Amino acid sequence: LLIARAMGDLQSKISLHTTKYRADGSAGQTGPGGASRQHSPAHSDAVTSVAALKPDLCVSGGRDKSVAVCSWRSGAALRRFVGHEREVTKVTSALDSNRIFSASRDKTVMMWELHGTSGPSQHFPGHDLVVTGLAVSPDASQLCTGSRDNTVCKWDTETGECLGRAAISRNLVTHLCWVPGEPYVIQTSEDKTTRVWDSRGLQVAHTFPAKQHIQTCCDVSQDGRYCLSSSSGSAGQGGEATLWDLRQTRGRVCEYKGHFQTTNSCVFLPRGPALSPSIATSSSDSTVKVWDQDTAGRG
């Protein structure tokens, strides 16, 4: 369910300058006078992942094997990094850091410097299958990666050294995210569970009760109190997002039900002064839904 009040507040803040994204992949920024500036697509094939880099920059990865940095404000592609041999599956960065990380179907992870060369500044090989999870510590000194090879690895970003490797049977990793200000990493899996890893010893600190469907994605609130996971689904079965308590009960808080197919992504939205805590989900049913975090949209 869409939160009418939240969307109304958001709508009231939209300026006269809007960005139009067209089916051919181009983007143009339109001002009050109607003039439009065209920008070339950041990628030559499908975009597979996007993440915030700085307040005005985002980073994306694509099937064209490249990583791109774009401006939120202008829509222009500012940097392009090339080095992977197969499509990029995930990108991430420690917020306000100049280091960018990308995972790929070529079984490797690479680190790129925003103001460096177009080639990688560090390589992280070691997984046996496609890398599907990527999380960097807040200070960008350590990296956790996960793969369909059932393993989670920890790396030193300066040296590229693998500091630890843990394998769990049937743990086909789908996503990773680092808990702000904590040594913990959240991980979702095709085995239908969401795990909390202690990165210090790379051991599972907690496993939430298994859901009925594959867990596709996860996110953590900025205060580190809650995490989200999203489910696969079809024909109205599954497809929910779940809010979990990380600090007290370490149990399920509530569910957000309404998608008719797989929910591919879930995220905590930044909280504005006039908005209640909200989350957003996107689904294969072609919809994006915004939910009241506390009432699951029932308020």
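For all residues, glycine too, the Cβ spot is worked out from N, Cα and C.
As recorded in TrEMBL:
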REGION    21-45  region 'Disordered'
REPEAT    81-114  repeat 'WD'
REPEAT    124-165  repeat 'WD'
REPEAT    256-292  repeat 'WD'
The repeat 'WD' (124-165) and the repeat 'WD' (256-292) contact flag, 3+ Cβ pairs under 8 angstroms: no
Same-chain residues at least 6 beyond the ends of the repeat 'WD' (81-114) whose Cβ lies under 8 Å from its Cβ atoms: 45, 48-55, 59-69, 120-125, 127-140, 143, 145, 147, 155, 157, 175
Segment-level pLDDT (mean, integer) for the repeat 'WD' (124-165): 97
Summary of DSSP states over the repeat 'WD' (124-165), given as helix, strand and coil counts: 0 helix, 24 strand, 18 coil
